[in-house]
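*Asks:* Below are the structure tokens for one structure; questions will follow.
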Amino acid sequence: MKFRFIMLLVLVMFLLSACGNESGEATENIQSVSLKDVDVLQIDHGSVKLNVESADIDSLEASLLFDDNGPGIVMDKSKKKIKIRLKSDVTRILKIGKMPQIKVRIPSDYKGEVLIDGSSGNVAGSELQTHKLVVKGKSGNISLDFAKFHSDISVSVSSGNVKLSLNDDTPDASWLLQSGSGSRSISIPLEDHQQSNRKTEGQSGSGLYKVNLKTGSGKISVQ
């Protein structure tokens, strides 16, 4: 009896998902907010792909690209913190190939902490100009491309590849790369270079900013 109920529930969810945006056209839900006096910007992308970039804009912009009429994004605001998250929708589990994507555009002059959390789903950063960036996840690939590097960076994932591009030949950074299994490569010349089976350490430039990249299973690449 319990099994039949579960199967019926799954069937209903599938039918509901099929009755979404029948036109097949992707729609976009956009919200914006000022980051004045905000010390922490947290982005919880759950299990969907996150695209994040720095841009010459006055306010933060967050948008959700989706192919259905499901829930959008939520901005939880407090005095010094803003959290962006995706409204839960269990029917999206059945929408294979139609999972939404979150896009966040951060003002280039924002100097607070950017904290990215996710259970799974890839993270792609472009034209970044953050001052403190933390990325945490269970699975999914992380790709971060900086336009101007002046940031502490911490990336920690249980499973997935990590790729970092700083567009700077001699960034002022102290490096710690850790991988449980998988290769590590860094094209930037390092001073005090130390390497073991699971760890790569060193310094470039003045070593002002701390860059810690860690994956339990996956490759780490720094350019």
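In case you wondered, yes, glycine gets a Cβ from its N, Cα and C as well.
Note that TrEMBL annotation is computational and uncurated.
Since this is a predicted model, take the numbers as computed values, not measurements.
What TrEMBL records for this protein is below:
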type	residues	note
COMPBIAS	190-201	compositional bias 'Basic and acidic residues'
DOMAIN	120-222	domain 'DUF4097'
REGION	186-210	region 'Disordered'
SIGNAL	1-18	signal peptide
*Asks:* Which residues of the chain, 6 or more past the ends of the compositional bias 'Basic and acidic residues' (190-201), have a CB below 8 A from one of its CBs?
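*Replies:* Distant contacts of the compositional bias 'Basic and acidic residues' (190-201): 175-180, 184.
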*Asks:* Let's see if you can do this one: DSSP helix, strand and coil counts over the compositional bias 'Basic and acidic residues' (190-201), in that order.
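*Replies:* Counting residues per DSSP class in the compositional bias 'Basic and acidic residues' (190-201), I get 0 helix, 8 strand, 4 coil.
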*Asks:* I'm checking region-level scores; what's the whole-number mean pLDDT for the domain 'DUF4097' (120-222)?
*Replies:* 97
*Asks:* Take the domain 'DUF4097' (120-222) and count its residues per DSSP category (helix H/G/I, strand E/B, coil), listing them in that order.
*Replies:* 0 helix, 66 strand, 37 coil
